[in-house]
Amino acid sequence: MCLFGFRLQLGGCGILGVGIWLSVTQGNFATLSSSLPSLSAANLLIAVGTIIMVIGCLGCVGAVKESRPLLLAFFILLLLIFFLEIISIMLFFIYQDEIDRYAQRDLKKGLQLFGTEGNVGLTNAWMIVQTDFRCCGVTNHTDWFEVYNATRVPDSCCLEYSDNCGLDNPGTWWTAPCYERVKDWLNDNLVALWIFALCTALTQILGLVFSMTMFCQAVKVETFYA
């Protein structure tokens, strides 16, 4: 159990380190949402890494000291996270169409902030997405026409990047929608995502079993000496 908790702490420390590195070097990288500006890759990694480190610390210290309160706290927190993950997955599949519509509306709203002051993270994120996925706009390259009030797109939409290449000549722009391109990429990597999810679930189940086993042993020992 102590080894399990220590590994959790190491994993959390690694995730936290990556999140801090992203925050320092890339700013609010991958902030595409206008309604959730804090939902960036860096902030998510920092939050997840911190939570994992705290839980791992509870498990490790609880195992070393055979502390029932710490072991119970570890078990409850891990069980709560496990149930929240299951509920989130179920809600995602149940309301997938509604989530798609909301996400597209929110992303289109976020386009209006592209290139504006204080939105460097969102601007960089859109440039990276459009360049890497060879796409333009949320549902179509014409989404940018409403942003610029002209037949124009960002330079990251160009087949061959150059300064001001998005000002004219639509024949040199990517026309594929970014939302569909990203969804296709996720579907192509669905097996890897499910393997990661199953490994995560298995790790959590093992943590629950180990912590409850040690908790029961601690209760037996205390009862025996009482």
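Cβ atoms here come from the backbone N, Cα and C positions, even for glycine.
The feature transmembrane segment is assigned by TrEMBL to 6-24 (among others).
The transmembrane segment annotation in TrEMBL covers 44-64 (among others).
What TrEMBL lists as transmembrane segment is 70-95 (among others). The list of residues near the transmembrane segment (70-95) in space but at least 6 beyond its ends in sequence, with Cβ under 8 angstroms from a Cβ of it, reads 5, 51, 55, 58-59, 61-63, 197, 200-201, 204-205, 207-208, 211-212, 214-215, 218.
Annotation comment: TrEMBL describes CYS136-CYS157 as disulfide bond. Neighbour density for CYS157 (disulfide bond): within 10 A of its CB lie 26 other CB atoms from the protein chains shown.
If you look up TrEMBL, you'll see 191-215 (among others) marked as transmembrane segment.
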